[in-house]
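Here's the structure, in structure tokens; my notes come after.
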Amino acid sequence: MSGRGKQGGKARAKAKTRSSRAGLQFPVGRVHRLLRKGNYAERVGAGAPVYLAAVLEYLTAEILELAGNAARDNKKTRIIPRHLQLAIRNDEELNKLLGRVTIAQGGVLPNIQAVLLPKKTESHHKAKGK
């Protein structure tokens, strides 16, 4: 018999993605490909796409968590752009990070200037004192 075929030798191990090795949901392989194709640097290290995918996954999870809370507060089960806007603008750090970002169909935060609110009159308090 020739040395070809699958009879002898070791069976090849099942392929394991770099995302699963890193314990991530975001695709490490795709991030690596995009880093190489994007002309950001001549060479890309093996750890760079793992780190970047982890950062992107963390930020996404953080925003979705807050947006889910905003949706629940509005008695909705589906996250819409308005919920994303409320989540980002009410969080100090995310608002700083995404300060120059416009979210389509996001609306604005409800805000009434203090000077526009009706003034409390003193006559109402004096009537109670007598």
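Backbone N, Cα and C atoms are what each Cβ position is placed from, and that goes for glycine too.
As the structure is a computational prediction, the values presented were derived from the model and not from experiment.
These come from Swiss-Prot:
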- 7-19: compositional bias 'Basic residues' (COMPBIAS)
- Lys14: ubiquitin cross-link (CROSSLNK)
- Lys16: ubiquitin cross-link (CROSSLNK)
- Lys120: ubiquitin cross-link (CROSSLNK)
- Ser2: phosphoserine (MOD_RES)
- Arg4: citrulline (MOD_RES)
- Lys10: N6-lactoyllysine (MOD_RES)
- Lys10: N6-(2-hydroxyisobutyryl)lysine (MOD_RES)
- Lys37: N6-(2-hydroxyisobutyryl)lysine (MOD_RES)
- Lys96: N6-(2-hydroxyisobutyryl)lysine (MOD_RES)
- Lys96: N6-glutaryllysine (MOD_RES)
- Gln105: N5-methylglutamine (MOD_RES)
- Lys119: N6-(2-hydroxyisobutyryl)lysine (MOD_RES)
- Lys119: N6-glutaryllysine (MOD_RES)
- Thr121: phosphothreonine (MOD_RES)
- Lys126: N6-glutaryllysine (MOD_RES)
- 1-22: region 'Disordered' (REGION)
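Annotated features taken from Swiss-Prot, shown on the structure.
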| residue | record | Cβ contacts under 8 Å, 6 or more apart |
| --- | --- | --- |
| Lys10 | N6-lactoyllysine | none |
| Lys14 | ubiquitin cross-link | none |
| Lys16 | ubiquitin cross-link | none |
| Lys37 | N6-(2-hydroxyisobutyryl)lysine | none |
| Lys96 | N6-(2-hydroxyisobutyryl)lysine | none |
| Gln105 | N5-methylglutamine | Ile80, Pro81, Arg82 |
| Lys119 | N6-(2-hydroxyisobutyryl)lysine | none |
| Lys120 | ubiquitin cross-link | none |
| Thr121 | phosphothreonine | none |
Using DSSP and three states only, what is Lys119 (N6-(2-hydroxyisobutyryl)lysine)?
-> coil
Specify the secondary structure state of Gln105 (N5-methylglutamine) as given by DSSP, simplified to three classes.
-> coil
Using DSSP, how many residues of the compositional bias 'Basic residues' (7-19) fall into helix, strand and coil, respectively?
-> 2 helix, 0 strand, 11 coil
